[in-house]
Each structure stands twice: as structure tokens, then as C-alpha cells.
Amino acid sequence: MTPEVLRQWQELAEQVREHQFRYYVRDAPVITDAEFDELLRRLEALEEQYPELRTPDSPTQLVGGAGFATEFEPVEHLERMLSLDNAFNTEELTAWAGRIHADVGDSAAYLCELKIDGVALSLVYEGGRLTRASTRGDGRTGEDVTLNARTIEDVPERLSHSEDHRMPEVLEVRGEVFFRVADFQALNASLVEEGKAPFANPRNSAAGSLRQKDPAVTARRRLRMICHGLGHTEGFRPATLHQAYLALQAWGLPVSQHTTLVADLAGVQERIDYWGEHRHEVDHEIDGVVVKVDDVALQRRLGSTSRAPRWAIAYKYPPEEAQTKLLDIRVNVGRTGRVTPFAFMTPVKVAGSTVAQATLHNASEVKRKGVLIGDTVVIRKAGDVIPEVLGPVVDLRDGSEREFVMPTTCPECGTPLAPEKEGDADIRCPNTRSCPGQLRERVFHVSSRNALDIEMLGYEAGAALLSARVIGDEGDLFGLTEEELLRTDLFRTKAGDLSANGRRLLANLDKAKAAPLWRVLVALSIRHVGPTAARALATEFGSIDAIVSATTEQLAAVEGVGPTIASAVSEWFTVDWHREIVEKWRAAGVRMADERDDSVPRTLAGVTVVVTGSLPGFSRDEAKEAIVTRGGKAAGSVSKKTSYVVAGDAPGSKYDKAVELGVPILDEDGFRKLLEQGPPAEVGEPT
């Protein structure tokens, strides 16, 4: 081995460890997964050629997070928590299966599981109760994140009883914590709205959310978990992995519904091909298929290396990234005045669709990513996730690139731009009432799916109505007449009559007048008020007038609202032209209060109920609706103000909180009686 080879190994090993630190500890990687995999494979190839380089402390021999100090208390796993080896093509998968065959013959059946792009978590249950949750760490010692894990709805505080599966004395179960795509998008949107940097991808957001110092922050983020393996167990020795999954499910632990048992490598390849085509039909991101030998005895025979089991492998799909030219960086003015830079690029196909634009969030993000106009950039798009510019390909720069300069005046109306308050990352156009860009976005927002969901009132239609001065702002929408629509080319036929689309628009506007109050609140473009907060306000107050009359403190006290949203709502209604929009809509017949169904008895007036666990007779939304329609409040957390907790199968930490505070606990039968008869005289724990 020459000094040059040793130098090359040292450089590669140092790069791998640096990127592992950024990935596992800082949750802020600066290269893509594919680029990291390539670095690791180069290091492995070098060690294959020169085995003396394969020392115990080489990154190829360690689990990803090994050796890094963290801010959480260290905790030892009962059994080592290993990583997985990867296969990137059919040849590597076949070679792995060949090694299995050489060792155990044709007797191995395989489990095929979706490889969720999340963060690994280990749960320990003793006597059926959750006693510890920890991250992977170096495989032997992880970080104690028990308090945060208890806030994840999928993680039961106690295992459920099962007639078919005896509950083990000790159960160490491994799984993946992740964000659903829709929840990830909602989280990033809220971060950007608050002037904070968004997460790069769902995996980073899951890791960052799980490792919050304040469990309340984790609780507000809709993390999910799926269990996919076992560690140490006492009183539980399943013969196969798929039998183990059936037991986990019976005990109330979340397992994937997409796992398939196949007989041979041909079946494995069929699953890999299938999910390669259908990966975006799942509500969370996947980056491959994990293949495992199902027979536990064969697993023990095959054993493991220092970092990964020999009986499992992760087949990884090609990255959903592409390179293209950044032609320009332009800015867009949003409905609340926020000025957002976006990338204008040479169209490129990625993740099954053609991408030509991507948001850059704010000037700070442009600087952080280090992109210049004229750069070749790497973009990423997975399924329905909004396209994202990851960064520049610096080696391809030729000197013609130039920096982006954020404008100082609004590109739509010329008003000087400024942050709303000192320290904000976002800059805004303060001309909120008449800025053409804000007007177009607000009119379009009224028709959006989360607001009043008005078909035929798309971006083009809204712009046409404004440019023809048929409407002055969104307040005029519900007063539109056939004569006014005829003033726009878009809704007029060649014969001068109202087009079919024009008639549909008028009909849809009329239909939208009867929308529930929460949709009206969303449609008003009150900052921070999305469907969740709007539903909470509508449920608590019932009418626009009651919301206007409420103090900021009363608004903030509503579950799911809080002080930031409460202040935004109060401030919005103090603006004269905002109230004019409300009155225009009211005069046009838009419903400003929710109708109460008098046929449903108000048995829960003044009662606050928290539901935890699964109820066979109710979905989560059905249970909440049953409470609200009877005048009660369906809360999301337990406090001294909680009247009752309804505990279904696999209740979470809310059950323990109720016991601690002495809050009455009902089972499903007790819940039904509560709905029918109102509060009973005495309520005990479910039997």
C-alpha cells in the first residue's frame, strides 16, 4: 500500500464522518443521499482492495451515528441496533441472495417492506408499559428521547391485551419515525410563514422534531411511526418475522400494511418493480424496499457484521434528483404581502413530472444555499412535494454566474419593501389593500381547496376579473352578476352570450355562500389561520360576530389557536377594509355562522373531552364531531380543565396524564352513554 492510497483513504473517511455528523447529529446534510452513498461505496471499494485499511473504527464498520456527542442522555440498547447494507441494482441484490442461498439453501422466504425515509427509533416495553425510547446512535448507545416519543400518537403508552398473543415481559421493538408528505408540507409552510428556515426534506424534519429539547414542540408536529423489527425480548420468541408483526399489531403497535411475504428472489424483484412504479401512492416518502429473511432461526444462523445483519438488505431506488440550469431568480408577492424569491429554470423531468420553477423561500435561503443566477443546480422532487433547489454544482461554474439581489421595492406596485418587524427573514409589501399581486393571490386563495373550494375561479379567472375591473377586491366576488361577467372576454362567447363556464362560476359562487364557517375564515386570508385553527375557532365561537367580539386572551385559550394566531385574528378585524370585505360577503348571502342541529341534544355543553387510542365504533373525526355537535369541546391534550378522557385500544400518554390528574376515564360504552345522557354522576376507569 502506497502513501497515496493511505492519503486517499484518510480523505474519504474524513468526508464520510463529516457528512455523517451533519446527517445524524445536526439534521442538516449538505449533500444528497445519493452523493453520500457514492462516497461510502468508494471507501468500501478501497478497503476491499486494501483490507488492512478496514480498521474497527472505519466508517464502513460503524453504525452511522457512532462517536458523536449529543445533548441527550445516553442510553444503552438491550440488543445492538444495527444499520442495513444497500443494494443499488439487480446485480448487487442477486449477489446478496446468492450468499444467502450458499449458506442456508433454498429454504429462505423473504419479507419485502417499504424503506421509509425517516429516523430510526427503539421502544422498550416492560410489563406492557413503555419505559424507554431511544435513537439508534452508534448501535449500542443511543439518545434517550422518551418524553418526545410519548407525544407521537402512534406510540402506545401501554400495550393492548391480546387473546392470541401473550404479552412479553420485555419487548424491545424497532421502527421508523417519519412525516407524511402532507404534514411535512404543512410544517414547512408554517415555518416559512413565521420567517423561519424550512426543513430540507421529511427525513430531516422528523429527526429534528424527535430531538427537540421541549416535548411540547414535538407534540405539535404530526410525527408518525411504523415498527419494523425486534431487539431484545423476554417471553416472546416468534418463529418468523411476519408472525412477530402480527403480534405487534395485536398489541396496538403500528406496523406497515404494505409488507409482503414472498417465496424467492423473483417475488422480491416483483415487489421492487411494483413499488418503483407506485411509490408516490403512499402518503409518506420511501426510498427503496427492505428485503429480510423471514425465518428467525435462519436469521440467527446468518448473523451480522459489526454494522448490519447479513440476513437483510435495503434495495435503494435511484434518487429523485436532477440537474438543470438556473436561468433567473424572480420574486413573487403573496396574498399576505410576503415577497418570495423563486428559481426559474430550464425545464427538466424529475420524479415523473416536468419542473421549471421552485421556491427559494427568502433571501436568507438563497444565500444559505449558495446559488448564483446561471448556476447548474441540483433540484429534488418526490411525489407531490414542492420542487426544491438543493444547491449549486460549483465545479460547473464558468465565471458568468451572478449573485441574486433582493429588490427593495415591490415588483407589482412599487411600494418600498421592508420586514414587518426587526429580525424577520421575510420582507413584505405593506400595500396590502391595493397591491395587484396581493389582490390576485387573495382572490385565487378564496377559491382554493382548503378555503371555499370554488370551481371555475382559478388564477386566470381571478386575474381576468381584476384586470377588467369587474371586481375591486375579493369582497366583490359574491355580488357578481351575469352582466358583469359579460365584460370579460374569458366568460363571453363569440356571440356575446355568457359562456357555460361563466354560468358554472355563478352557480358555484352561490353554492359557496352556504359553506361552513371555518372555510369562510380560511378564505379571508387572515395570516396563520389555516383549516386547523379555523375549525377550532368555528367550533368554539360559532359565528364571525362572536369571534370579532372575543378578546385576544379568549381566542388564545382555544385549543389549537394560541397567542400568535389569536393576535393575528384580533389585528385583522381591526382593519377597516377587512371588515368591509366581511360585510360585503354577508350582504351577498355568505353564511357567517354555523347552523346548529337542534335535533341533536346539547348533552355536552361546557364539557371538555379528550379521546385517546382507537375506538372500534368511531373514527377519530367521528368521535370529535360527536362531541362538538352536542356542544362539547374536543380537546387534543389533557389538563386540569379536561372533563373526561375516553380511552380506546392502545391509549397513549394522555391516559397516564388523566390518571395523574384524576380526570375521569371512560371506555367506549361509557362514551356512548355520555353522548346520549350527558355527564354521569360518577365515572371510573374502564374495565
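Placement of Cβ uses the backbone N, Cα and C atoms for every residue, glycine included.
Here Swiss-Prot flags LYS115 as active site, N6-AMP-lysine intermediate. Annotated NAD(+) binding site per Swiss-Prot: ASP33, ALA34, GLU35, PHE36, ASP37, SER83, LEU84, GLU113, ARG136, GLU176, LYS292, LYS316, in sequence order. Positions annotated as Zn(2+) binding site by Swiss-Prot: CYS410, CYS413, CYS429, CYS435. Under the heading domain 'BRCT', Swiss-Prot lists 599-687.
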Practice problem: Report, as a single number, how many Cβ atoms besides its own are within 10 Å of the Cβ of CYS410 (Zn(2+) binding site). | Solution: 23
Practice problem: Determine the Cβ neighbour count for ASP37 (NAD(+) binding site): the number of other Cβ atoms within 10 Å of its Cβ. | Solution: 15
Self-check item: Residues within 8 Å of the CYS410, CYS413, CYS429, CYS435 Cβ centre (excluding the Zn(2+) site residues themselves)
Solution: VAL333, GLY337, PRO411, GLU412, GLY414, THR415, LEU417, PRO430, ASN431, PRO436, GLY437, GLN438
Exercise. Could you check which of the recorded positions (LYS115, CYS410, CYS413, CYS435) sits closest to ARG136 (NAD(+) binding site), going Cα to Cα?
Key: LYS115
Quiz item: Which of the binding-site residues CYS413, CYS429, CYS435 has its Cα closest in space to the Cα of ASP37 (NAD(+) binding site)?
Solution: CYS429
Quiz item: Closest of the recorded positions to LYS292 (NAD(+) binding site), Cα to Cα, picking from LYS115, CYS410, CYS413, CYS429, CYS435?
Solution: LYS115
Self-check item: Chain-internal residues near LYS115 (active site, N6-AMP-lysine intermediate), provided their CB is under 8 angstroms and they sit 6+ positions away
Solution: ILE286, ASP287, GLY288, VAL289, VAL290, ALA314, TYR315, LYS316
Quiz item: By DSSP, how many residues in the domain 'BRCT' (599-687) are helix, how many strand, and how many coil?
Solution: 29 helix, 18 strand, 42 coil
Self-check item: Cα separation, CYS410 (Zn(2+) binding site) to GLU35 (NAD(+) binding site) (Å, whole number)
Solution: 39
Self-check item: Tertiary neighbours of CYS435 (Zn(2+) binding site) (same chain, Cβ under 8 Å, six or more apart)
Solution: VAL333, GLY337, CYS410, GLU412, CYS413, THR415, CYS429
Quiz item: What does DSSP say about GLU35 (NAD(+) binding site): helix, strand or coil?
Solution: helix
